[in-house]
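According to Swiss-Prot, the protein carries these features:
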- K157: active site, proton acceptor (ACT_SITE)
- G56, W58, D78, D94, D117: S-adenosyl-L-methionine binding site (BINDING)
Amino acid sequence: MSSTRWLHRQLNDPYVSLAKKQGYRSRATFKLIEMDSKFSIFKKGQYVLDLGSSPGGWSQFAAQRVSHNNNNPVFAVDIQNMDAIPNVIFIQCDIINDIELLSDKFHNKKFDVILSDMAPKACGNKQVDHANIINLCEISLDIVVRFTRENGVFITKILQGEYEKEFYQSMKTYFQSVKYFKPKASRKDSSEMYLVGLGFKKDSQDIKTIES
């Protein structure tokens, strides 16, 4: 997309204006707000992990929803830097290569909600872009299995394509229910959707250990 077309789209996007008005760092925040309204994701006192967090819109909203007496209830992880957010601990690392670093930073903590709005840089080839985001989804699911509490929730971005159903079935192994959701805040011309895993099965951690 040319810079002129991008600027025109941004200026005419109601969610961009709304994000600025409400103090959120990105329009993507409203996708999470919709999913929380639909599935009742967040509760006070929960711990949340936000993968691919920069610039921080999802972490902002999650911290607002769960902050109670638990200081720093949200852990945010991204390969890029992210400006500080109240009640959010930011870890700058590459989740593909630094999972043991994450384990050290989490101090054996388990999360009630794990979020992933990650997407690789688009190359313009839909099949390649789809395969790349599925790879990120699989890496995120590995983290979910390792660090999620029983009955926890996992939300991940996905692009429709060849491997979509296979990944959906993988999620069903670990969650009592898996739902597709396309927020109104998603652009109409985008193939992005979200998978929402509800009710993480504690026993599924044993399945993953055996497979490994």
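Heads up, the Cβ atoms here are built off N, Cα and C, so glycines get one too.
In this structure the alpha carbons, written CA, of D78 (S-adenosyl-L-methionine binding site) and K157 (active site, proton acceptor) are 15 Å apart. Cα-Cα distance from D94 (S-adenosyl-L-methionine binding site) to K157 (active site, proton acceptor): 18 Å (rounded to the nearest whole number). For G56 (S-adenosyl-L-methionine binding site), the same-chain residues 6+ apart in sequence whose C-beta sits under 8 angstroms from its C-beta are R25, S26, A76, M82, D83, I85, V88. Listed binding-site residues: D94, D117. The one with the lowest count of other Cβ atoms within 10 Å of its Cβ is D94.
It is 5 Å from the Cα atom of D117 (S-adenosyl-L-methionine binding site) to that of K157 (active site, proton acceptor). When secondary structure is read from DSSP and collapsed to three states, D94 (S-adenosyl-L-methionine binding site) falls in the coil class.
Distance between Cα atoms for W58 (S-adenosyl-L-methionine binding site) and K157 (active site, proton acceptor): 13 Å, as a whole number.
Cβ contacts within 10 Å of D78 (S-adenosyl-L-methionine binding site), excluding its own Cβ and spanning all protein chains shown: 21. Residues G56, W58, D78, D94, D117, recorded as binding S-adenosyl-L-methionine, reach a greatest CA to CA spacing of 19 Å.
All chains included, 21 other C-beta atoms sit within 10 angstroms of the C-beta of the residue listed as 'active site, proton acceptor'. Using a 10 Å Cβ-Cβ cutoff, W58 (S-adenosyl-L-methionine binding site) registers 28 neighbours.
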